[in-house]
Amino acid sequence: MSDSEDSNFSEEEDSERSSDGEEAEVEEERRSAAGSEKEEEPEEEEEEEEEEEYDEEEEEEDDDRPPKKPRHGGFILDEADVDDEYEDEDQWEDGAEDILEKAPNIDNVVLDEDRSGARRLQNLWRDQREEELGEYYMKKYAKSSVGETVYGGSDELSDDITQQQLLPGVKDPNLWTVKCKIGEERATAISLMRKFIAYQFTDTPLQIKSVVAPEHVKGYIYVEAYKQTHVKQAIEGVGNLRLGYWNQQMVPIKEMTDVLKVVKEVANLKPKSWVRLKRGIYKDDIAQVDYVEPSQNTISLKMIPRIDYDRIKARMSLKDWFAKRKKFKRPPQRLFDAEKIRSLGGDVASDGDFLIFEGNRYSRKGFLFKSFAMSAVITEGVKPTLSELEKFEDQPEGIDLEVVTESTGREREHNFQPGDNVEVCEGELINLQGKILSVDGNKITIMPKHEDLKDMLEFPAQELRKYFKMGDHVKVIAGRFEGDTGLIVRVEENFVILFSDLTMHELKVLPRDLQLCSETASGVDVGGQHEWGELVQLDPQTVGVIVRLERETFQVLNMYGKVVTVRHQAVTRKKDNRFAVALDSEQNNIHVKDIVKVIDGPHSGREGEIRHLFRSFAFLHCKKLVENGGMFVCKTRHLVLAGGSKPRDVTNFTVGGFAPMSPRISSPMHPSAGGQRGGFGSPGGGSGGMSRGRGRRDNELIGQTVRISQGPYKGYIGVVKDATESTARVELHSTCQTISVDRQRLTTVGSRRPGGMTSTYGRTPMYGSQTPMYGSGSRTPMYGSQTPLQDGSRTPHYGSQTPLHDGSRTPAQSGAWDPNNPNTPSRAEEEYEYAFDDEPTPSPQAYGGTPNPQTPGYPDPSSPQVNPQYNPQTPGTPAMYNTDQFSPYAAPSPQGSYQPSPSPQSYHQVAPSPAGYQNTHSPASYHPTPSPMAYQASPSPSPVGYSPMTPGAPSPGGYNPHTPGSGIEQNSSDWVTTDIQVKVRDTYLDTQVVGQTGVIRSVTGGMCSVYLKDSEKVVSISSEHLEPITPTKNNKVKVILGEDREATGVLLSIDGEDGIVRMDPDEQLKILNLRFLGKLLEA
């Protein structure tokens, strides 16, 4: 073929191609102007064929075009290579390339294309309706995707392929890390943005593209720019970025996408796992996952409904308006009750296994099934308590209590420890048992217990649960019983029953809250202040023993046998009763740690060890009793000593091994006279040569109020807290400081003799030829036989007066000088404060006022084990009154016999005037000069000053003698208690205070802090100078003696010497002697 023919052929092809292009364009415009509603498939195929023909012709003409034309075409094609093909189809109309080739320059082509496009758009808007325009654009632009054309029409592409076009390339800006001040990353990014805006329209705008400050990156920000110099220009002058001004690190292209990668934590919720609601009426309620819809981001929950039955009732009773105006009240959790809803007029429909009410679905068991958004629930770290689970479902149906939502990137929430036995609860190895070797966060490494598996296996924490078998000894590490230990007695599917070591209760605990252990619980609470079995005070009148320790509460067995639950703060103080002593049913001394038998009451037949004594109650521990950890309480009169008691410090034995049976003798609150008078530092003083072991504790001195007589603390007063043979620990009143003092330097308050004074036993002869002078060992019986000793143990309880009326006594006339009546002792020495050798001249007569040699003349209270306060004077008339007809030295007148008044001041009464033998006392005599008044006997004993007497003395004055023990002894301080009204006796030294009434605020040893109403001040007075005020009708009273001591009540009426009292706790009526009652201060 010749060149001319070739050129002609090419020209024909060009013309043919151009004509074809023009026809296509005309056809397109014609269809647009006519407003055709759809394009048929043959037309689409023709367009594709035309495109293919155009591509082939383009390739064939590459060699035949003039040099300039290919240059224009090459430029366009190069740009097309970079861009995607589907963008060409979207941006260029068909035949646009032909127009460009024919155009003389590219500017005209762009202008013509804009004009034609605008013209066509105007035609469309003018001629077409909105629906037709929408359909046109849908068909125009919703063509098949590039993937269908390039990759053979696949429906969808993989994510990797579709995201490739969005990845950064070499021609994109780079990310540069710049060191920033920690904590100021976000503020620095904002300041760079403001700087960019400020420089945007200046001659030197910033060349950076963006700034990124991710939340998880500390100390760095990312700056996007093409060059490092652009970054330096931008950060120059920014204070927070001066650390990174000289060094910026470029992020590799492959790692740039990780900077902005957002990983959203999606909770791994599984059916039957637990969640809590965040808001609304169900806020903080526990719920169980029924199923999850990840696509809709919803979750269906099973929960206990909260239905407002009052609102339903109000609505059904045409009170809609009122119900709406009512203040919103959150209804309680309650299972759905269809019958109750119907009874209120509600409409309940049935839908298969569910009941429908107000659009909500309820199961037949009453649970609500409702869908919530994922954002409305708390899915992480939800651990239902055992009480919630029991309330949620009585009999769990395959519920896995150990399913806990997965926690990623957070603090581990399991409590697995190396050595725990575990079991796989999900996965392919379910039910495989093993032992934990190591714990690394949520990854647990175990050694399986299987013959075919010899290697260690690693599991996530949520796939394991603890496994226990019967007989394991475990410790509770969480929950209500935290800290308790016990033996597993039963293992159920979802919880474990263990038998507590300490309280001997059965505890129901979740397996996750247990841990294997070998030790036993200490029985001390979380704060370390209280322990199991400790005696605590619940209120001023009630004590109890802690029988169960829980995290926030105690269970206390009170003195009435009831178990009460109290919070830790309600226990005010501990009671220390290590030295308490009581009497059993056979009048035996019983102490703490003694073994006793119960012979009466609800616990009759039991045997136990005394743990605590309080008043007339004893708290016992029996190992055979399961209830309350073996602790029970009963009254001391229902006990009998079973024999041997556990070893204790026995330091109170008297001469010849005699052990006093009175609990008052060894009680530190009521020290015996031996401790007061016998000399603190004299080993063997008053004990006939028998001394305690060196360094052993002296219980007699503990609790006494003493004054320091020598040394740097001379004159200080304090209470003895501990004492040995040589030293004593004294707590000073003024400084609240406890110091150690030599016992030789101590003097008890109320005594004028130094404590270290030796005994004067055995001086022969002394005054009145008494052998020995103080008669410490020659009396038989040595101590006056008081039976019974304690108030409350007598039968009958009140009165105990034999005979009750005059004339029934046998013998009717018997004086104090009757040799058959042992007038021993005649008088308690400590009624007066005097020294042994104060009398300047010896009197030829005994202290009783007659020359009759008394043996002994008066009891020597220097024996450390004898408390003369409690020695009854037998017979009723002491020798001091000089009235007996048996005196060999005097012939009394017919009226010489009288009975002393049992008032508190009786021992200070003067001797009677010429009614009988009148004795002339020496100047140093212990008795005041008698006045000429006649003595008037008083048949009614006083609350404190009455000395028990036995019949036998003549009583012309008509005095009724009483059985020993029926009254309150002269110097007894047992009646002293707080909050009662008292009167200061005339024996007190301060005359301004004598006769005033007050209220006892506190009692320390024998000293009482009394608030005096008249002078409005608080003074410390010994109990021997106080007497209680007798209450009257309707007064608030407090029992000061007897088995009901410390109990309070109201005095309803008075019948002779008795009063009818309505007790406070149970409003029980009791008849009590008025001597046993003290008047309480009324508000």
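In case you wondered, yes, glycine gets a Cβ from its N, Cα and C as well.
Features as listed in Swiss-Prot:
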MOD_RES   SER36  phosphoserine
CROSSLNK  LYS139  SUMO2 cross-link
REGION    172-266  region 'Interaction with SUPT4H1'
BINDING   LYS575  RNA binding site
DOMAIN    590-623  domain 'KOW 4'
MOD_RES   ARG677  omega-N-methylarginine
MOD_RES   SER682  phosphoserine
MOD_RES   ARG692  asymmetric dimethylarginine
MOD_RES   ARG694  symmetric dimethylarginine
MOD_RES   ARG694  omega-N-methylarginine
REPEAT    750-755  repeat 'CTR1-1'
MOD_RES   THR771  phosphothreonine
REPEAT    777-783  repeat 'CTR1-5'
MOD_RES   SER785  phosphoserine
MOD_RES   THR787  phosphothreonine
MOD_RES   THR795  phosphothreonine
MOD_RES   THR802  phosphothreonine
MOD_RES   THR810  phosphothreonine
REPEAT    912-917  repeat 'CTR2-7'
CROSSLNK  LYS1033  SUMO2 cross-link
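Cα of LYS1033 (SUMO2 cross-link) to Cα of LYS139 (SUMO2 cross-link): a distance of 109 Å. In the three-state DSSP classification, LYS139 (SUMO2 cross-link) falls within a helix. Summarising model confidence by region, the repeat 'CTR1-1' (750-755) averages a pLDDT of 49. In the three-state DSSP reading, LYS1033 (SUMO2 cross-link) counts as coil. Around the Cβ of LYS139 (SUMO2 cross-link), the number of neighbouring Cβ atoms within 10 Å comes to 12.
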